[in-house]
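Student: As annotated in Swiss-Prot:
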- HIS8, SER14, HIS15, ALA16, ASN17, MET65, GLN66, TRP67, TYR68, THR105, THR106, GLY107, GLY108: FMN binding site (BINDING)
Amino acid sequence: MILIIYAHPYPHHSHANKRMFEQARTLEGVEIRSLYQLYPDFNIDIAAEQEALSRADLIVWQHPMQWYSIPPLLKLWIDKVFSHGWAYGHGGTALHGKHLLWAVTTGGGESHFEIGAHPGFDVLSQPLQATAIYCGLNWLPPFAMHCTFICDDETLEGQARHYKQRLLEWQEAHHG
């Protein structure tokens with residue numbers, strides 16, 4: 001099962017993530033948990049989230065980039081749900097062997113993320129990748145949709161279909 005942890009603080013204003021969301025939900029074997037809809041008060045049901053994660057083979061963190069990072073509710077979700085003794089530490093093996101895909105949208109172009117002495121978008125994924133590895137998850141190459149503020153509808157829709165295709169290819173490779 002693919003579990004998408006959807007973390008868009010302003011989903012009604014989304015045009016790129018919304019299209020990705022709509023494409024992904026047409027696939028069989030996909031569960032989407034919209035964090036800002038489930039937890040507008042930021043009071044996360046840790047047991048429910050861990051139960052959803054336990055059913056997943058692929059976990060997707062889908063969100064818009066905010067200040068070169070993840071939205072605050074997703075950060076809190078990771079802090080609370082990936083708990084010691086469950087996700088890491090002594091006895092913390094619940095996520096071992098599962099896969100993690102970071103699916104992110106940005107307003108800027110790919111070259112916008114060439115920062116300092118470490119050019120490239122991959123630098124921004126390092127904290128997430130380190131978290132994944134620390135918890136025994138298999139990190140997959142990220143899916144990034146850039147320039148979403150200036151893309152026309154046709155381009156956005158094409159990128160959203162590419163995202164769906166990426167999920168479908170993962171399903172086919174891992175479940176035949």
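For all residues, glycine too, the Cβ spot is worked out from N, Cα and C.
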Student: Please report the number of other Cβ atoms within 10 Å of the Cβ of HIS8 (FMN binding site).
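Tutor: So the number of other Cβ atoms within 10 Å of HIS8 (FMN binding site) is 25.
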Student: DSSP on ASN17 (FMN binding site), three-state: which is it?
Tutor: helix
Student: Of these binding-site residues, ASN17, GLN66, THR106, which scores lowest on Cβ atoms within 10 Å?
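Tutor: The binding-site residues ASN17, GLN66, THR106 were compared, and GLN66 has the fewest Cβ atoms within 10 Å.
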Student: If you count Cβ atoms within 10 Å of the Cβ of TYR68 (FMN binding site), leaving out that atom itself, what do you get?
Tutor: 12
Student: Helix, strand or coil: which one is THR106 (FMN binding site) in, per DSSP?
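Tutor: Once the DSSP labels are grouped into three classes, THR106 (FMN binding site) ends up as coil.
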Student: Report the same-chain neighbours of HIS15 (FMN binding site): residues 6+ apart in sequence with Cβ closer than 8 Å to its Cβ, ordered by sequence.
Tutor: THR148, LEU156
